[in-house]
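Engineer: Just dropping this structure here.
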């Protein structure tokens, strides 16, 4: 409010208020990019630019016909606003710039860690405060939120489509084979969104909330932190078929896993590093039952399972029924984000087939990486961070695409 009061005292502010009538389209553009900070940004433009423009306008208004004066005012304001925003918005929204090569008439957009620097600087603090309580209450929640981000990004990009409920126009991804009775954490996302809407209305997207929650969950579990590019917008659609088709199954072979990841522009290094997220969380009996009782269609267990581990799993995952019973993916340190997951795979104690094949699937690159990450936790952390950033950049909606949902469960 202090800045706005200052601004109200300047001739610049009065002229810009008039520009709403002169340049409604430009004004809408600037409002959309700058949000509620529109007047604030304009007020903090270069004093020399404002003074020069106002001086010229004042002189002209006394010496030339009003029509000419008005035309010049319009052109001066237009040049002033464009020049100002080309500089200032590169700070407020670093992915924004005027110029050639853009996707929207000379304007291009991208993700940036500073995207909410001015529009909602407290965004990450709000996310972390909600996460701390949620994870303290439910130890599984960190893994669940990490998984939500993964399952979102692999279906039409990182656009929060996974959060949409069924409606007249939406067939929810929550009902797909990989997600039904499996993905969770929606109430935590709702709580984060509610808190952010109170602090910064219609500013932080649900897609960015998923990315922030995934990083926060990793950090709160003892894992790495990373500089997270932001600026994603939310989809107006969901894809049940895409969810059924693009999320790798837990019984996948190494060839299938590589194919699914390459389809997303991710390589073998990303595959192994991101699989390391299984260092926290649990899996349902239904996802590994085949390994215990009928791995190759011959009613025999997977020969790669370490014997004592195999017998332990049988006691909690019966041959018939019990599909929703759960087991830790990393029984060595199920609450800690560390490299124990890779150490267990080397000992034949990877829970899912998709875990074990990273080592025994006859692909040199993945086998080598499992061994490297088992030996060097810092190397795993570094690559996990890099791969999370890469995954988080899968086909994001930016600029004028999509929207910022007010409620993550439905389109505005």
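Glycine is no exception: its Cβ is also placed from the backbone N, Cα and C atoms.
According to TrEMBL, the protein carries these features:
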ACT_SITE  151  active site, proton acceptor
BINDING   152, 155, 157, 159, 161, 173  Ca(2+) 1 binding site
BINDING   248  substrate binding site
BINDING   278  heme b binding site
BINDING   279, 330, 338  Ca(2+) 2 binding site
DISULFID  120-200  disulfide bond
DISULFID  153-158  disulfide bond
DISULFID  206-408  disulfide bond
DISULFID  285-317  disulfide bond
DOMAIN    110-412  domain 'Plant heme peroxidase family profile'
SITE      147  site 'Transition state stabilizer'
TRANSMEM  66-87  transmembrane segment
Engineer: Taking the center of the Cβ atoms of 279, 330, 338 at the recorded Ca(2+) 2 site, which other residues in this chain have a Cβ no more than 8 Å from that point?
Structural biologist: 276, 278, 280, 332, 333, 334, 336, 337, 339, 340, 341
Engineer: Just counting, how many other CB atoms are there within 10 A of the CB of residue 317 (disulfide bond)?
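Structural biologist: Its Cβ shell of radius 10 Å holds 23 other Cβ atoms.
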Engineer: Give me the Cα-Cα distance between residue 157 (Ca(2+) 1 binding site) and residue 206 (disulfide bond), rounded to a whole Å.
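Structural biologist: It is 13 Å, counting Cα to Cα.
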Engineer: Around the Ca(2+) 1 site formed by 152, 155, 157, 159, 161, 173, which additional residues qualify by having Cβ within 8 Å of the site's Cβ center?
Structural biologist: 151, 153, 154, 156, 158, 160, 162, 235, 238, 239, 242, 243
Engineer: Roughly how many Å separate the Cα of residue 248 (substrate binding site) from that of the residue listed as 'active site, proton acceptor', to the nearest whole number?
Structural biologist: 9
Engineer: Give the distance between the Cα atoms of residue 158 (disulfide bond) and residue 151 (active site, proton acceptor), rounded to the nearest whole Å.
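Structural biologist: Spelling it out, the Cα of residue 158 (disulfide bond) and the Cα of residue 151 (active site, proton acceptor) are 9 Å apart.
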Engineer: Which one of these disulfide-bonded residues has the most other Cβ atoms within 10 Å of its own Cβ: 120, 206, 285, 408?
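Structural biologist: Per the Cβ count, the most surrounded site is 206.
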